[in-house]
């Protein structure tokens, strides 16, 4: 739906919960604002975690494993160099996205690319029980390859899903949308969201009004969980400041979730097996015994 379209949704999505993403330490000396995956918002099916991270050398996220879900890393400033035990290596810079399907197992490192401050968002998306043990794969989009559209003071970058008639090429195993909106002062946007999906917004910069125009604005570093409905309306009522937020939604899996750190499965027995596989370098972790990042 276009930014100028005033048509009301059949059921507009309203904010049901607002959570401030507070600072905590993660990795090796990195600082993150944990948006999802904290006591106030443990998860939002299919989303397991989201961090707004800030890292400067020598801090970073050294060698660590994953199994059973996907990680989506979106750089806001600077760059992160990634390497894994299968020989995949690369650097994503400001505006780039890496969509990693860990599947049956990945061990990798994520470290700042050069001096200075590096910032980004990392989202964890759960995989269904049938797909938790698939082979790992990557989808990487350079900033200039992310589809975008602009209308009536609203710009959107379509990392996944569709907005303003523009569709992302990213394949989402767990159906999802990931939109980066920038609203100029006194602009508004009306975005459709499939009714069965869970959805939230994370405000990166400025403050926005969500749902109805008479609601209180929500400021930067807050997560706004959206209730049921077929779309959300957002207003930037500031006369001088830009509003930037990501709108993320996905189809819930409605499956049991058992998590042990970077391993996410459906049962405790599967977690026990995963820990054994990791320590014994088997069933997807064969190269764990020999590989170290450098």
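The backbone N, Cα and C atoms fix where each Cβ goes, and this holds for glycine too.
Owing to the predicted nature of the structure, the values given are computational and were not obtained by experimental measurement.
What TrEMBL lists as domain 'Pirin N-terminal' is 32-125.
The Fe cation binding site annotation in TrEMBL covers 64, 66, 108, 110. Its Cβ placed at the centre, residue 108 (Fe cation binding site) has 23 other Cβ atoms within 10 Å.
Summed and averaged per residue, pLDDT over the domain 'Pirin C-terminal' (178-282) gives 97. The domain 'Pirin C-terminal' annotation in TrEMBL covers 178-282.
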Using an 8 Å cut-off from the Cβ centroid of 64, 66, 108, 110, can you name the remaining same-chain residues around the Fe cation site, in sequence order?
61, 63, 65, 71, 82, 84, 106, 107, 109, 262
Which residue among the binding-site residues 64, 66 has the fewest other Cβ atoms within 10 Å of its Cβ, if you could check?
64
In sequence order, which same-chain residues at least six apart have a C-beta under 8 angstroms from residue 110 (Fe cation binding site)?
27, 60, 61, 73, 80, 81, 82
